[in-house]
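Here the structure comes first, spelled out in structure tokens, and everything after it is commentary.
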Amino acid sequence: MTPTVNAKTVTRNVGWSVLSKTGTFGLKFVTVPILARILSPEEFGAVAVALTVVQFLAMIGGAGLTSALVIQQHEEMETVHSVFWANLAIALMMALGLFVFAEPLATLLGAPEAAYLLRIMSLLIPLQLGGDVAYSLLVRRMNFRKDAVWSMISESLGAVIAVLLALLGFGIWSLLAQLFVSALVRLSGLYAVSRYAPRFVFSLQRVLALSRFSFGMMGSEIANFITFQSPMVVISRYLGLSDAGAYSAANRFASIPNQVVLSAVMGVLFPTFGQMMHDRERRSQALMLSTQVTTVLLAPMMFGLWALAEPAMLVLFGSQWAYAWPVLGLLALSKGILTPCSTFIPYLKGVGQGAVLFWWALIRAVATTGAVAYGAIDGSLVEAMIWLCIVNAVTLVGYSWVVFRADSTPFLKGLFISSRPMIAALLMALVVRFLLEHFGAHVPNAVLQLIAGTAIGSVIYTVLILLTERSLLRRLLDMARARKPRAAPAGAAE
């Protein structure tokens, strides 16, 4: 039975999800720079290209069926078992197809030397899809604590093994080991905590009934995947594996704040918005509050990383990657521009706006791929990233219009309120960048530049938020006070 959604359950589950992603953040904050210092850009690029294909096929294989399970009114085990077997059959076919056609696919992506990686990594597809049903059951039950624990365990073991193998000289195999260890541990953990045991029960009719919703979700997820992963494919094909490796390393690090906040919040918001589907007022309030809070948290991290990209790249990745600091900065900037859109995907999914989500995701995918390709074909990696920033700025306006129109919220009002923390973060970053460029020479140590810039930026941003977001802060304070247990009346125990 799906639990009742209220502020307490949402806050608790967001807390567990954030804890899980924070653990992952800490690991990647340490392991990505270590691996980058040991491995070459070409090795990073080869694995990143192969992983893009695997993730794409795994996403198609799921066909959105498990997302449909999440919003079903009742947990019918015949339907659950049917989805499991459908997922497994599709996963095995996908893995076999990737194994057979690895060479032409790798050549198409501009990385023919990565064909053997595609064959090995094809085994990841059934490992990933095999746990989707167990995970969807935890999401339905709003039980994110158990998932959080196993996420941290799987990521920790994978990261530790990757670093150890890299230090022992295993090179690219250390990255493969990280992927397989994390996938196997997470798969085992999901089945252990969900207590789901597949049975030989299958109903094609039930699978087809779910597909009416799932195909719309799958289409939008494919388009979103293309949006996020097409830059890697374009860069690999037109600029080579070295630039693809630089992009991959920078993108891994720049994506850490998103993974901490967005992955955690989005997983909880999807079922939450789903249960508020027919309550327009609560749904609208939840949309605006969650959007403001995620923007307040994410925007300073993204714009701050843009401002301090040069010393950050040198300190974290070492001198062999120092040339790629503009890529890190522009990637952080491109992600910072989209921070007000952080809650839009789970909102549209949760309220059943699958068609709207699909068409907008498709438009965004085409625009992003075209912009990055335009910058890469006749330019450089930096030019491609500049065009990514431009298309994301246009996306911010368009996406906001789509969502606020679906929510019946005035567009300009919604855009202003949701983007206000982002503007404050941008102003903070401009000041920090100005100080670094004009006074950075007086602090020759990159570590000290990073510390000083972070401290100055934190003070500036805090002041700006206190000045511009007082109503939001008061509301959060009132919510925190309301969650405190009230004292029992004097005669309650008599």
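Yeah, the Cβs are placed from backbone N, Cα and C, and that goes for glycine too.
Among the ranges 190-210, 253-273, the one that Swiss-Prot lists as transmembrane segment is 253-273.
With pairs at least 6 apart in sequence, the transmembrane segment (157-177) and the transmembrane segment (447-467) have fewer than 3 Cβ pairs within the 8 Å limit; the two do not touch.
Between the transmembrane segment (44-64) and the listed ranges 82-102, 105-125, 297-317, 343-363, 384-404, the one holding the most Cβ pairs under 8 Å is 105-125. Tertiary proximity for the transmembrane segment (82-102) is limited to same-chain residues at least six positions away from its ends with a CB under 8 Å from its CB atoms, namely 53-54, 57-58, 60-63, 65-66, 69, 115-116, 118-119, 121-123, 125-126, 128-130, 132-133, 198, 201-204, 206-207, 210.
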